[in-house]
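The structure under discussion appears below in the form of structure tokens.
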Amino acid sequence: MKRRNDSECTAPLKKQKKRVAELALSLSSTSDDEPPSSVNHAAKASATSLSGSDSETEGKQRSSDSFDDAFKADSLVEGTSSRYSMYNSVSQKLMAKMGFKEGEGLGKYSQGRKDIVEASNQKGRRGLGLTLQGFDQELNVNWRDEPEPSACEQVSWFPECTTEIPDTQEMSDWMVVGKRKMIIEDETEFCGEGLLRSVLKCKSVFDVLDGEEMRRARTRANPYEMIRGVFFLNRAAMKMANMDFVFDRMFTNPRDSYGKPLVKDREAELLYFADVCAGPGGFSEYVLWRKRWHAKGFGLTLKGPHDFKLEDFYSASSELFEPYYGEGGIDGDGDITRPENINAFRNFVLDNTDHKGVHFLMADGGFSVEGQENLQEILSKQLLLCQFLMALSVVRTGGHFICKTFDLFTPFSVGLIYLLYCCFERVCLFKPITSRPANSERYVVCKGLKVGIDEVRDYLFSVNIKLNQLRNTDSDVNLVVPLEVIKGDHEFTDYMIRSNEGHCSLQIKALAKIRAFVQDTTLIEPRQAEIRKECLRLWGIPDQARVAPSSTDPKSKFFELIQGTEIDIFSYKPTPLTAKTLEKIRPVLDYRCMVSGSEQKFLIGLGKSQIYTWDGRQSDRWVKLDLKTELPRDTLLSVEIVHELKGEGKAQRKISAIHILDVLVLNGSDVREQHFNQRIQLAEKFVKAVSKPSRPDMNPIRVKEVYRLEEMEKIFVRLEMKIIKGSSGTPKLSYTGRDDRHFVPTGLYIVRTVNEPWTMGFSKSFKRKFFYNKKTKNSTFDLPADAIAPFHICYYGRLFWEWGDGIRVHESQKPQDPDKLSKEDVLSFIQTHSA
């Protein structure tokens, strides 16, 4: 051909022409109307006309200069719009050379595609070309005008209820039974129809979407997603932390109407709480992390895969929490809808809270409604009722309640909220920022249970029985409060509608946002890390990773807990109380005494059943305690292991118990510097927190009864001779404690609780005790800080009066040995020096 005879200077031009021709061919698109041959022909023709033809009919060859001039064209074609301005100049010029005109296709007959080739919409592992019907439809929701993410939240309460709490007579005809209803679309009494349909439509578009795609988009779209569970068991714990802060620590630091705390860490009363329908237990883990051993929890939840996972409480001591599964106790099934379980749990809680009830109850019940998400409210109605019923059953007067709810469109659900509104001082519906905005979850928060709610509780109990009777039938309880009663309270109704519609609007925007994030995987929420940091700071939660507690040996833990205290102190033995040392118990008012039942030991708790004892001698090791009991980690006590007895003769039962003489560290709290009386009071509180009344198989833990030395005679009243099994029928001296169990006493510990140079006296004119400083001669009725005898002073200065052979402390014992200290000698000395 002619071109092969051209000079070498035309070689670069050839290559350029070839590239242009290839580009034109690749940019031409096959048309559904033409066969491939015509398409190829058109492409070739187009390439020929744009890049210069080799055919001899053209008459002459385009020179390199004319090609370069054409290549410098300023635009695609005259009048091209700016919609192509994002393409660089080279590509625009190439398209111009191929004869591109806006609105027309390439090719001889303009048969090429007219639109720009779209980016791939392929998502995940779907098949090529799969289209999810409904998902790609326009929602016409502007999610971009959502409020700026913030850690600050506002609470809106229902107005205070001025209606009297309904009584049995008034509620006698409130329950309405009718046909079971399984649609939600027409529930427009407490929400606008348009909003209701919109939120249901938005939820429905996700039905066809792969779950993993949904989760990934939700994670990117939610500005609060990175908060997660921090170092807790799950996200539920952080929801509770969130709401506890928002409601001014209403749960972990409840206050009376004057703002005074109802429980204090230094005082004897525990913070009692209940956690129902709450496995695996995130709510409880948060409360116990916040309050430690100053709180005691009771739990009821379904047994099985959704049970409490106490072994996963890494940040709190699960020994302070006691699951109880209703009828059958620890062997029950935990089904809150069974009336017998409700009664059993109520009785158990009241029996173990001095018949007062808990300070607050948390309920977080829910179950999978996969495929029926829009009916979640209807399917969960009995669960919601039973959680409300449990609150009215176990919460004390003035106590609080928090419960997860879902949609609240039906008159049945709104009726339940109305009853809470009547029974509590204040009620609100609240969605914390830790609850994902796209779901229907929110919480009903109730403050201050009123007096006189028993009849409402009984009414809800009867409704639950009716629901159980109608199960698996076509009938259902459709109303618990008549619509005219609810709507007669205009302020309640207005709040309910505002709350529902506001919640719907939030959901609609959040769902539309997730949909947008599914469609565009490049979208992200840029402030997630910043918001997380701000929230944790505000709520008082350390930004730490979740790590399992490290295991350690008892000796290392002991040295960690005593923090450099001289170890020799722990090997001190008590001074024997004899006729020669009797003067040491002066002044009498400085001393307390306790009945001994065995050798004193130190006990350390490393968590659960990892408990060890040590006799105080450096040469001896810590020995694993062979008892079935549990203690929180970082606990150090001074104890005796005592064999307790109950009953006499063949029916007599023996059990080994831990008797606490003094406390050093309680679940990480060092109390050694506090007054002896305060330490004993905290020990009593600690024992209440760790006791497990539902577990009779466990060895009990008790605190020694402490007597004032001047009241020692009270001890002898509780001594009697009893026949001990295995003692050949010979009666033995026994001391009976507060719980009607008795043990064989070995003597009496006498502990000085006032530090030198202070001592105690009794003012006859004021008829009260006072403190006197022997050095400065000062006296005061208030306890001076330096008069408190810390643990090591009490331990070092204690005396022990041994009740061995020759010591007669009960009239039925053998005669007194005249060379030993007698009961009469001690009582006479005390009486003389306590006046």
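Each position is counted from 1, following the chain as shown.
The backbone N, Cα and C atoms fix where each Cβ goes, and this holds for glycine too.
What Swiss-Prot lists as region 'Disordered' is 1-66.
Taken from Swiss-Prot, the feature phosphoserine covers SER28 (among others).
Feature annotation from Swiss-Prot assigns phosphoserine to SER31 (among others).
Here Swiss-Prot flags SER53 (among others) as phosphoserine, drawing on similarity to another entry.
Summarising the annotation, Swiss-Prot assigns phosphoserine to SER66 (among others) and lists similarity to another entry as the type of evidence.
For SER91 (phosphoserine), no same-chain residue 6+ apart in sequence has a C-beta under 8 angstroms from its C-beta. Residues or ranges marked as phosphoserine in Swiss-Prot: SER91 (among others).
Per Swiss-Prot, substrate binding site is recorded for LYS203, SER204, VAL205, PHE206, ASP207, ARG218, ASN374, LEU375, GLN376, ASN439, and the stated evidence type is similarity to another entry. Under a cutoff of 8 A between CB atoms, and with a sequence separation of 6+ in the same chain, the neighbours of GLN376 (substrate binding site) are VAL369, PHE406, ASP407, SER440.
Look at Swiss-Prot and you will find 231-450 tagged as domain 'RrmJ-type SAM-dependent 2'-O-MTase'.
Under the heading S-adenosyl-L-methionine binding site, Swiss-Prot lists ASN234, CYS277, ALA278, GLY279, PRO280, GLY281, GLY282, PHE283, ASP335, ILE336. There are 26 other Cβ atoms within 10 Å of the Cβ belonging to GLY282 (S-adenosyl-L-methionine binding site). When secondary structure is read from DSSP and collapsed to three states, GLY282 (S-adenosyl-L-methionine binding site) falls in the helix class.
Annotated active site per Swiss-Prot: LYS239 (among others), in sequence order, evidence recorded as similarity to another entry. Proximity of LYS239 (active site) to non-local residues of its own chain (separation of 6 or more, Cβ distance below 8 Å) is seen for GLY282, PHE283, PRO432, THR434, SER435, given in sequence order.
Taken from Swiss-Prot, the feature active site applies to ASP364 (among others), supported by similarity to another entry. Note: ASP364 (active site) has non-local neighbours ALA236, ASP275, CYS277, ALA278, GLY282, PHE283, CYS403, LYS404, i.e. same-chain residues 6+ apart with C-beta under 8 A of its own C-beta.
Neighbour count (other Cβ atoms within 10 Å of the Cβ, all protein chains): 23 for LYS404 (active site, proton acceptor). Under the DSSP three-state reduction, LYS404 (active site, proton acceptor) is assigned to strand. According to Swiss-Prot, the feature active site, proton acceptor maps to LYS404, an assignment based on sequence analysis.
In the region 'Interaction with POLR2A' (727-835), the DSSP tally of helix, strand and coil residues is 21 helix, 34 strand, 54 coil. Residues or ranges marked as region 'Interaction with POLR2A' in Swiss-Prot (evidence: similarity to another entry): 727-835.
Residues annotated as domain 'WW' in Swiss-Prot: 752-786. Within the chain, the domain 'WW' (752-786) has long-range Cβ neighbours (under 8 A, six or more residues past its boundaries) at 587, 589-592, 675-677, 793-794, 797-798, 834-835.
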Local confidence of the prediction over the region 'Interaction with POLR2A' (727-835), expressed as mean pLDDT: 92
Taking only the CA atoms, the spacing between LYS203 (substrate binding site) and ASN234 (S-adenosyl-L-methionine binding site), expressed in whole angstrom, is 25
Counting across all protein chains shown, how many other Cβ atoms sit within 10 Å of the Cβ of ASN234 (S-adenosyl-L-methionine binding site)? 17
Rounded inter-Cα distance in Å - PRO280 (S-adenosyl-L-methionine binding site), VAL205 (substrate binding site): 31
Would you mind checking how many other C-beta atoms are within 10 angstroms of the C-beta on ASN374 (substrate binding site)? 19
Within 10 A of the CB of ASP207 (substrate binding site), the number of other CB atoms across every chain shown is 12
Cα separation, ASN234 (S-adenosyl-L-methionine binding site) to ASP207 (substrate binding site) (Å, whole number): 26
